[in-house]
Amino acid sequence: MERMASLMPILLYIAVLIAACSSSSSEAAAPATSFKDNFDIMWSENHFKTSADGEIWYLSLDKETGCGFQTKQKYRFGWFSMKLKLVGGDSAGVVTAYYMCTENGAGPERDELDFEFLGNRSGQPYLIQTNVYKNGTGGREMRHMLWFDPTEDFHTYSILWNNHQIVFFVDKVPIRVFKNNGEANNFFPNEKPMYLFSSIWNADEWATRGGLEKTDWKKAPFVSSYKDFNVDGCQWEDPYPACVSTTTKNWWDQYDAWHLSDAQKMDYAWIQRNLVIYDYCKDSERYPTLPVECPLSPWE
């Protein structure tokens, strides 16, 4: 927490700079965001609500159950974006997940790209955890602090996915870059189409301080909010969609999307210096032999 306090003036400064930036040319114009057009409820429909105009969607968690939704379509490569406002107040033990996966469930052969927002006690910062699975194998976690309070307003969380890299963005700032090596491998998910999901659930066995802080059910229901779903991707059609073999026609798989721009590299470097809490590639106790993807440079 001392580190967090010392960083606050810098965090506020960068938040102002980011808010002042104009819209990135790499982000597609938002399509219609009707929930019914894009999503299905996965479970507990009585824990799902919308605003009166249907533009904001709410998932709630209580002691009985959480709730989740998934896209009707699956995609292979593209740009995927959503605005979220996270559970406020005492949210210890609560996880809001926003992720892509090849299936509805934790199957043994799934591919998956994760944003997980780990709740905390009041006054302590949220942590954001990302992870990458291929063929059922994950263990590629990174955790970051954020430079803003994600419970006060909506912020944009995005994934750029092509055959060269996977980039996790927060408000258009790249916080994590996961590169491919251009060869057949067991770490970069690029063969299977994925749905996009979001859910809220109880994970107090591990989510906050390794499970030491438990969910306070007297504070329930815990509510996460969503709006402005945006996808510009290759929609899957069996046996395979035509755009997979001609992806360079799409901005998200043209040369400029194969690596970070100079401006993005500056933002990414700042994030790496100041906000990374955990990086599996630096956990030699957990991985005495470095995973094969770790030496790949995010700068290239």
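Heads up, the Cβ atoms here are built off N, Cα and C, so glycines get one too.
Just so you know, TrEMBL annotations are computer predictions that nobody has curated.
Features reported for this protein in TrEMBL:
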- 1-23: signal peptide (SIGNAL)
- Glu112: active site, nucleophile (ACT_SITE)
- Glu116: active site, proton donor (ACT_SITE)
- Asn120: N-linked glycosylation site (CARBOHYD)
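Spacing of Asn120 (N-linked glycosylation site) relative to the residue listed as 'active site, nucleophile' is 25 Å (Cα to Cα, whole number). Non-local contacts of Glu116 (active site, proton donor) by the CB criterion (under 8 A, 6+ apart in sequence, same chain) comprise Val95, Thr96, Ala97, Tyr98, Tyr99, Ile128, Gln129, Thr130, Asn131. Counting every protein chain shown, the Cβ of the residue listed as 'N-linked glycosylation site' has 19 other Cβ atoms within 10 Å. Within the same chain, the residues at least 6 positions away from Glu112 (active site, nucleophile) whose Cβ sits under 8 Å from its Cβ are Tyr99, Met100, Cys101, Thr102, Asn131, Val132, Tyr133, Gly138, Pro189, Met194, listed in sequence order.
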